[in-house]
Ligand code: SF4
Ligand code: SF4
């Protein structure tokens, strides 16, 4: 994309009209203002796409295999480990990293911190896609994916934690779609439709907080159904939901820090002035917020151990592994966040965020798979399961990129033609 | 295994409550109570009597029309089998399994039968978000494959590792587990197939309360033969299947760390906090918003005043 910018004065598409005042057609907008041939050639030249082709080349047959021959064809189909990578990573890992939407929504809309406005839409998009793909992972993992709506309409088990998760994720998905519709309306050149959404935006934001608090917590609470199976260090029946909620706060913030960095670095042509000029301060601001959350998380982790009086476990091998997870996934990000914010170093904050994201995923995999059945044998996922997980993540990446390139997420939509 | 209520009524009920559910959830979540049936039946498994003949396995296999196994039921080499270093467990083709244990303090092996214990407060039931499980007045915990979504939370929740999933099927996967022969026998006042097949009378069917009395009696009368523990009397809130053993239960594969309260109790903390969030969050955050908005307005007027003052000064 970069290379076409200097050639074509109208690029990139960042408003309804070209510089000379003539409107962009729908196809132009989809093809980023390039001709189909140019579009294809830039697709083929991008090395990242080669990798994607490789992933899908193996992954798509695997998906077909999963739907035609059942889950046993692509996973070990373990009765002892009912939840594998699709849920361990796809649901329990993606959802906390998608808390960004409600966090930034709250900050900007509710607390009136307009200084975070330039990143609000990216945070919302990050949230929406994360949830959406958590559902995609679920569709691959569920035994009967065609019954996804059963808990809503056919047979209700309202006293189950998963019922809460199902309802909240579904409603919250709609809330997030509503919150992002303005971007779509601008792109479709229908600014008038925005007003309806603007009117209810406060309500949407509050709904977002409630739903997020509850289902982030509920994901943790799901594991309290297995008090005898998960290693006590990773399961605290009293605090599990707070642990999950609190780590989602810095998980969500870290994920926006990362994705905003990647976009500013690898798609700088797409970034608007406001976004680029404020990103430095915003990253530091997000880092500050994240550092508070990481600190709180560390404290409540320790409180949970004290509360259940599990100190002696720390001396076992499992305890060592636990301390390793805390050191890498929590303490190091905490130090880096604090240091980065104090010294005003965005790079440090970004490193902190990257490690924190890995730490969260690691924690969720530990709870769902590694420390699950700690008294039994260890389940190692089938390579096909791993590959499928990666394939779905690649799909997530493609959709993410597709939207960021087009909709006014990191730039402001120009209603008038730009002055050349 | 048939649906208890027809699909239509389910659908109607579902649609009716769906809209309300999201608002009423808090209340329903708190009032989750599994009906306790004082008259529920159970089976007392006396492991001191079991000889490991696997007649019960064979009977179950025939009753449930399961595929015939690779090895015949009288093949004892099977006891050495098991995957990942653990003993055999229930799976899609085995609703019940007999495992052999050789505890060092006695000179003969003990055999443990596993199947669904038909808990008094089943974790599988309380974790299922489509209510696929039912606890019948007879005590059976049965499963309805017509509404199951295949999320496998019930497998996570069952502390006894009982429900298995038919992973091998793309179109008709489902949870499989012992149903206490509910549809084919229990309902018609017949004994479960395995109980009927046992040549040793190691399995005793009856009212749970009565079985506990009998078990106590056996323990009292023969203190050398039994350890003083009825496994299942309290475990996980109590189970319909009860066990007697001649060695400590953890030596013959039982999980003795399972709490005595129902599994659901450890989830209650979270469920109790749901209504609080639902009621406290909206006014709290609306309040924050008002404060922030007021501050922003005040800030604006202050700036304007300053500007005016500055203008005047000039
Ligand atoms: S043993 Fe497991 S499957 Fe059977 S009723 Fe109890 S919780 Fe449910
Ligand atoms: S797998 Fe089926 S029965 Fe088990 S919890 Fe999920 S929906 Fe309920």
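Even glycines carry a Cβ here, placed using N, Cα and C.
Automatic, uncurated: that is what TrEMBL annotation is.
According to TrEMBL, the feature region 'Disordered' maps to A:1-21.
Marked as transmembrane segment by TrEMBL: A:48-69 (among others).
Feature annotation from TrEMBL assigns transmembrane segment to A:81-110 (among others). If you look at the transmembrane segment (A:81-110), the same-chain residues 6 or more away from its ends with a CB under 8 A from one of its CBs are 75, 116-117, 119-120, 123-131, 133-134, 136-138, 140-141, 169, 172, 176, 179, 201-202, 204-206, 208-209, 211-212, 215-216, 219, 244, 247-249, 251-256, 289, 357, 360-361, 364-365, 367-369, 372-373, 379, 381, 385-386, 388-389, 392.
The annotation transmembrane segment is assigned in TrEMBL to A:122-140 (among others).
Within its own chain, the transmembrane segment (A:152-175) has Cβ neighbours under 8 Å at 95, 102, 128, 131-132, 134-135, 204, 207-208, 211-212, 214-215, 218-219, 221-222, 224-225, counting only residues six or more beyond its boundaries. As annotated by TrEMBL, transmembrane segment applies to A:152-175 (among others).
The transmembrane segment annotation in TrEMBL covers A:196-221 (among others).
Taken from TrEMBL, the feature transmembrane segment covers A:241-263 (among others).
Residues or ranges marked as transmembrane segment in TrEMBL: A:284-306 (among others).
Per TrEMBL, the feature transmembrane segment maps to A:318-337 (among others).
Among the features that TrEMBL reports, transmembrane segment is placed at A:349-370 (among others).
For A:390-413 (among others), the entry in TrEMBL reads transmembrane segment.
Ranked by Cβ pairs under 8 Å to the transmembrane segment (A:196-221), the stretches A:48-69, A:241-263, A:284-306 are led by A:241-263. Packing against the transmembrane segment (A:390-413) from elsewhere in the chain are residues 1, 13-16, 29-30, 32, 52, 55-56, 58-60, 62-63, 90, 118, 121-122, 125-126, 129-130, 133, 136-137, 140, 183-184, 186-187, 259-260, 263-264, 267, 270-272, 274-275: each is 6 or more residues past its ends and has a CB under 8 Å from a CB in it. Between the transmembrane segment (A:349-370) and the transmembrane segment (A:241-263), the number of CB pairs under 8 angstroms, six or more residues apart, is three or more, so the stretches are in contact.
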